[in-house]
Amino acid sequence: MTHFTRRDVFKISAGGVAVASGMVAMPSILRAATYPSRPINVIVPFATGGYNDRLSRAFIPYLEQELGQPLVIVNKPGAGTQLGNSYALNQPADGYSILCTSAAPYIPLTVLLQNAPYKIEDFSMINLPSRDYTLAATSSGGPVKTFAEVIDKLKKDPTSLSIGVQPASADYANMVLAFQAAGIDASKLRIVTYDGGGPARNATAGAQVDVGFVGGEGFLPLKSKVRPLAIFAAEKVDWYPDAPLIGATLKTDFVEGSQRGWAVSTKLKNEQPEIFKIIVAAVEKASKNPKAIEALKLQELATTWYGPDASNKAYLDNAAKMAKYVDLLK
Amino acid sequence: MIDVSAFNEALGIMFSSVGSWGWIVPGLIVGLVFSAIPGISITMAMAIVLPMSLYMDFFSAIVFLTSVYTGAGFGGSVPAILMNIPGSPSSFATTFDGYAMSQKGEHNEALGYALFASTLCGIAGYVLLLLVIEPLADIVLRIGPVEMFAVAIWGMMLLGSLGSTYISRGLLAAALGILLGTVGMNTAGFTRGTLGLPVLLDGIAPIPAMIGLLAASQLLSLASRDYIIEAEGSREVSLRKILKGCWGTLKYPGVLLRGSIIGIIIGAVPGVGSSIGNLIAYAETKRTAKDSATFGKGNPKGVIAAESAVASGEGGSMATMLALGIPGGGATAILIAAFMMHNIVPGPSFIETQKPMVYAIILNNIVQAIVLLAVGIGFIYVASNIMKVRTRYVLPAILVIATLGTFAVTGEAAGPITLFVFALLGYALNRYQYPVSAVVVGILLGRMLETEFLRSYQLSGGNPLYVLERPGAMAIFAVMFISLGMTAWGKRKQNRAEAAEALALRQIQEETRAAHTTPSKG
């Protein structure tokens with residue numbers, strides 16, 4: 001695990017020196033007392049226009065009110081959030097860098113499948129308001145009506161229906177788990193892979209594939225073009241009430257699709273607990289601000305306040321489940 | 001078809017929000033300037049101005065952003081024509097004949113042709129969009145991997161018309177390009193050729209790679225000259241000649257129409273973007289032209305074909321975005337974000353409930369295209385003055401700007417490093433007479449070829465007869481083969497005619513020689 005290149009050593013020691021000099025110049029309590037004294041960067045590991053980008057842009061006016069300093073969005077897209085996440089961890093742990101990211105599934109995925117140079121525990125959640133779930137859907141004009149029908153057909157002939165899914169994703173794991181539970185031979189299925197949720201949704205809506213397994217939220221603008229067959233959630237999803245729960249058809253384990261929201265480095269939480277508290281309090285107040293709730297709702301963005309403990313638990317549970325089923329993802 | 005009452009309401013929206021019209025000219029200028037800088041793409045230009053539009057009201061924001069989009073659609077052709085360096089991938093095909101024209105001292109005309117083709121076909125694209133937005137959207141969703149693979153193959157056919165001294169080196173260069181295009185994680189989740197670098201997981205960034213390949217060779221060859229055009233008399237900037245080019249575009253309605261149709265359809269397909277339409281339109285125009293031998297040597301039809309596909313592609317892309325909420329390319333993804341930031345979610349329900357707004361947006365785009373005519377003439381008049389500057393000042397400036405442009409995308413050194421590596425590769429390819437443009441085509445199309453082929457394979461379960469279930473794909477292949485066959489037939493006839501002519505000429509020569517020599521014998 002601990003093989004450092006010379007560059008890593010340089011980075012760590014340089015970062016260490018920077019932090020150390022900061023600490024020498026200003027004791028922790030004093031730093032917290034003056035925090036925040038300059039603009040704060042919000043690191044979004046996606047390109048402009050994605051969900052996290054929109055969430056951060058819509059939310060920061062309200063967060064600025066609480067923190068009393070301007071927030072600046074820094075988009076660092078690439079390598080399934082790995083570039084942005086690494087960038088965020090390389091910033092000094094002084095509270096002037098906050099992440100707005102899709103913690104699940106991307107942080108576990110980059111760690112498990114891409115050998116990302118960080119650990120799941122290196123990130124601490126503040127609040128993960130947006131939760132997305134895998135939705136199995138078909139084109140609205142398609143012949144398949146229910147998920148039970150899908151299982152029946154595939155049991156008789158695994159090649160009878162084509163399946164669209166993004167490889168190495170929570171959706172893929174859910175698909176394999178469901179078919180395993182139903183006793184379908186997954187190796188014979190006609191699985192068509194898409195490099196993103198968007199293309200997989202288009203293929204489903206356009207009947208390119210018979211059944212698509214994709215994050216459900218993105219289907220909302222295309223709602224009239226698809227028929228939901230099963231949503232991989234434990235309870236009824238308030239933004240897609242007409243989607244039948246997977247539990248109604250099949251008893252299977254599943255992974256939560258996406259958990260998106262606000263996070264910081266664990267280093268900050270441990271070394272600067274006062275600053276961490278200030279950030280948590282500000283996000284909580286902004287999330288509960290009725291104006292923020294109204295503004296974000298209009299853009300179909302989530303503001304639900306779960307808090308750092310519940311969010312962190314959800315994140316770690318998801319990561320543990322992903323690790324458990326990592327072989328399904330490869 | 002068009003909904004008349006909604007159309008009237010749309011006119012109402014247009015004229016009641018006259019204030020938003022003020023954003024057209026600034027938007028166009030921003031788009032023109034950014035896209036004329038090599039290394040900054042349309043997507044980037046829009047990403048830069050997106051946060052600004054948050055502070056405008058909805059219609060103004062959309063007018064501003066779509067104006068940037070319209071301006072950027074043309075701006076890339078300015079450096080393509082003047083310096084053989086495309087401002088963005090969508091103006092790659094413009095370099096083939098545009099630069100050749102400017103080397104002949106016809107840069108004014110070439111820019112005029114490009115501008116007029118761009119605005120005319122932009123308007124045509126939007127008018128068509130106004131009529132068929134809903135049916136078009138449904139057709140687009142039905143286009144599957146097999147059809148897309150056919151389109152990608154069609155794009156590859158361009159290689160045949162690029163022309164190089166050695167066929168083997170051309171093929172090798174194309175293969176290298178395709179291999180480079182497939183670096184990164186593919187659609188099935190396999191990672192190839194990343195050298196362990198996380199930045200390469202998403203593949204080689206096409207814009208810095210393209211600029212590196214093309215600009216390096218171009219700048220090195222320019223460095224030996226004093227000015228971009230050597231003949232002193234040709235370096236003039238003439239409004240009269242620009243207008244002559246504009247007017248001349250109207251002489252080629254067939255080229256404009258073909259380019260527009262190809263552009264609209266390809267632009268409307270999600271995920272393809274405008275960088276392929278121009279290649280196909282150019283290749284098709286060259287193949288069907290009677291004077292195909294003069295393509296690449298400064299034939300205005302080449303410029304018109306490429307530009308018409310780029311401009312009309314914008315309309316197609318906009319159709320998919322409005323009707324389905326699906327981005328056709330990077331630029332429309334930004335537009336969707338802008339809509340959502342103003343609490344509007346494009347898609348089927350948006351088109352049903354807010355038809356007047358949809359029409360108003362389309363109408364405004366038509367207005368923008370008309371305004372672009374005037375703004376564009378001014379822009380190319382100013383930009384052409386680069387011809388009068390010594391290369392020793394121009395070249396370092398371009399290199400610095402291009403490097404900054406590639407750095408600006410993510411603020412990472414990855415962009416400039418890609419630029420540098422590909423500049424070296426471009427130099428080596430040129431040195432050993434491998435066609436650089438074949439590598440570029442490979443990079444632009446390699447990813448799409450692989451992805452769509454793989455998906456077709458997955459979907460069919462490996463059964464090649466699956467293509468028979470896809471009439472669309474069969475039609476594309478059929479059109480492609482018929483057009484190829486007809487070209488081959490035409491070429492054969494032409495060759496025969498030429499051979500016969502040469503034979504007749506030789507006979508005449510021999511006869512005259514015989515006539516001259518016979519008397520001396522006696």
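Placed from the backbone N, Cα and C atoms, the Cβ positions cover glycine too.
TrEMBL labels come from automatic prediction, so no person has curated them.
Copied over from TrEMBL, here are the features:
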{"type": "TRANSMEM", "residues": "B:20-50", "note": "transmembrane segment"}
{"type": "DOMAIN", "residues": "B:23-440", "note": "domain 'DUF112'"}
{"type": "TRANSMEM", "residues": "B:62-82", "note": "transmembrane segment"}
{"type": "TRANSMEM", "residues": "B:110-132", "note": "transmembrane segment"}
{"type": "TRANSMEM", "residues": "B:139-160", "note": "transmembrane segment"}
{"type": "TRANSMEM", "residues": "B:166-183", "note": "transmembrane segment"}
{"type": "TRANSMEM", "residues": "B:195-216", "note": "transmembrane segment"}
{"type": "TRANSMEM", "residues": "B:261-282", "note": "transmembrane segment"}
{"type": "TRANSMEM", "residues": "B:322-345", "note": "transmembrane segment"}
{"type": "TRANSMEM", "residues": "B:357-381", "note": "transmembrane segment"}
{"type": "TRANSMEM", "residues": "B:393-426", "note": "transmembrane segment"}
{"type": "TRANSMEM", "residues": "B:471-490", "note": "transmembrane segment"}
Taking only the residues in the domain 'DUF112' (B:23-440), give me the average pLDDT of this model.
84
Six or more residues out from either end of the transmembrane segment (B:322-345), which same-chain residues have a Cβ under 8 Å from its Cβ atoms?
41-43, 46-47, 50, 53-54, 58, 61-62, 65-66, 69, 72, 133-134, 136-137, 140-141, 267-274, 316, 351, 354, 358, 361-362
Examine the transmembrane segment (B:471-490) against the transmembrane segment (B:139-160) and state whether at least 3 Cβ pairs sit under 8 A, considering only residue pairs 6 or more apart.
yes
Within the same chain, where does the transmembrane segment (B:62-82) have neighbours whose Cβ lies under 8 angstroms from its own Cβ atoms, ignoring anything closer than 6 residues to its ends? I mean 6 or more beyond.
20-21, 23-38, 42, 45-46, 49-50, 52-53, 56, 88, 90-92, 94-95, 98-99, 101-102, 107, 110-111, 114-115, 118-119, 122, 228, 274, 303, 306-307, 310-311, 313-314, 318, 331, 334-335, 338-339, 342, 361, 364-365, 368-369, 372, 375-376, 379-380, 383-384, 386-387
Long-range neighbours of the transmembrane segment (B:393-426), counting only residues six or more past its ends (CB under 8 A)
37-40, 44, 83, 85, 199, 204-205, 207-217, 219, 222-223, 228, 386, 436, 439
Against which stretches of its own chain does the transmembrane segment (B:20-50) lie, if we need a Cβ under 8 Å and a gap of at least six residues from its ends?
56-57, 59-60, 63-76, 78-79, 85-90, 207-208, 211, 215, 274, 329-331, 333-335, 337-338, 364, 367-368, 371-372, 375-376, 379, 383, 398, 401-406, 408-409, 415, 419
